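Trainee: Quick one: the structure is below, and I'll ask about it shortly.
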Amino acid sequence: MRREEYRNWRHLFKLDPDKLINDEHLDRICLSGTDAIMIGGSSGVTFENTVELLSRVRRYSLPCVMEISNMDSIVPGFDLYFIPVVLNSRQPDWIVGMHQQAVKTFGHRIPWEMIVPEGYCILNPDCEAARLTDSQTDLDQSDVSAYAKLGEQMFQMPVIYLEYSGSFGDMELVHEVAQHLNHARLFYGGGIVDVHTATEAAAAADTIIVGNIVYENLEAALQTVQVKTE
Ligand code: 1GP
């Protein structure tokens with residue numbers, strides 16, 4: 001795929017290599033009309049379970065991208081690699097530390113043309129990603145907008161990702177942040193569980209990411225793809 005194609009995506013399913021999905025469910029997800037599959041997770045992601053899931057998704061013609069959460073699980077063969085930079089982490093490791101180690105380790109083998117940095121702002125204090133990254137989540141609209149603007153303008157990040165993993169976020173805030181961005185793509189993920197939440201999120205953000213509901217209620221997950229035609 002052409003790198004810039006991701007800028008047209010409206011809907012993604014995020015699949016966790018550490019979770020089980022049977023062939024029938026995966027078939028329906030991959031044929032759902034979603035724009036792409038993103039593979040990634042906060043814990044339990046290994047080289048082995050990532051390769052396995054990638055090879056199963058590769059039977060289908062839609063793009064498959066990896067969101068890298070640790071250096072040991074990086075697998076060749078994805079269409080693009082999304083790299084989270086957690087702008088509101090209190091620990092520099094999640095902003096530049098691990099990234100610097102990855103560049104040091106992989107050096108000239110990094111296909112830079114396939115790398116898409118994501119300026120993350122993690123906003124649900126109870127999610128695993130917030131705990132793991134020690135993110136500062138008690139932020140108001142102007143705080144989050146400032147992170148988004150900083151990511152876009154100072155770091156030239158092509159994607160800003162508002163992450164509410166596990167709970168549906170404050171759509172007013174998401175809408176407000178969108179007003180502050182000029183060219184970065186605004187990704188929203190967290191608590192999209194049906195067509196209603198998907199529609200609301202898609203009205204505020206450029207791209208919505210649907211995760212857990214795939215494993216909890218497949219039919220409801222599949223309905224979220226409708227936002228593409230609205
Ligand atoms: C997680 O943003 C995604 O990284 C999706 O969140 O699992 O709550 O849908 P959910």
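Even glycines carry a Cβ here, placed using N, Cα and C.
Unlike curated records, TrEMBL annotations are generated automatically.
So TrEMBL lists these for the protein:
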BINDING   Lys14, Tyr161, Leu162, Glu163, Tyr164, Ser165, Gly166, Gly191, Gly211, Asn212  sn-glycerol 1-phosphate binding site
BINDING   Asp16, Ser42  Mg(2+) binding site
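Context for these features, please: burial, neighbours, distances.
Mentor: In the three-state DSSP scheme, Gly166 (sn-glycerol 1-phosphate binding site) is classed as coil. Using a 10 Å radius centred on the Cβ of Gly166 (sn-glycerol 1-phosphate binding site) and all shown protein chains, the other Cβ atoms total 16.
In this structure, Ser42 (Mg(2+) binding site) belongs to neither helix nor strand by DSSP; it is coil. Listed in sequence order, Ser69, Cys127, Glu128, Ala129, Leu132, Ser165 are the same-chain residues six or more apart from Ser42 (Mg(2+) binding site) with CB atoms under 8 A from its CB.
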Trainee: Relative to the Cβ of Lys14 (sn-glycerol 1-phosphate binding site), which residues of the same chain, six or more apart in sequence, are found under 8 Å away?
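Mentor: Spatial neighbours, sequence-distant, of Lys14 (sn-glycerol 1-phosphate binding site): Ile37, Met38, Ile39, Gly40, Glu67, Gly189, Ile209, Val210, Gly211.
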Trainee: Let me know the largest Cα to Cα distance in Å among the sn-glycerol 1-phosphate-binding residues Lys14, Tyr161, Leu162, Glu163, Tyr164, Ser165, Gly166, Gly191, Gly211, Asn212, as an integer.
Mentor: 17
Trainee: CA-CA, which of the binding-site residues Leu162, Tyr164, Gly166 lies nearest Asp16 (Mg(2+) binding site)?
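Mentor: Ranked by Cα distance from Asp16 (Mg(2+) binding site), first place goes to Gly166.
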Trainee: Judged by the number of other CB atoms within 10 angstroms, which among Asp16, Leu162, Tyr164, Gly211 is the least packed of the binding-site residues?
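Mentor: Lowest Cβ count within 10 Å among the binding-site residues (Asp16, Leu162, Tyr164, Gly211) is Asp16.
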Trainee: Cβ under 6 Å from ligand 1: which of the binding-site residues Tyr164, Gly166, Gly211 qualify?
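Mentor: The qualifying binding-site residues are Gly166, Gly211.
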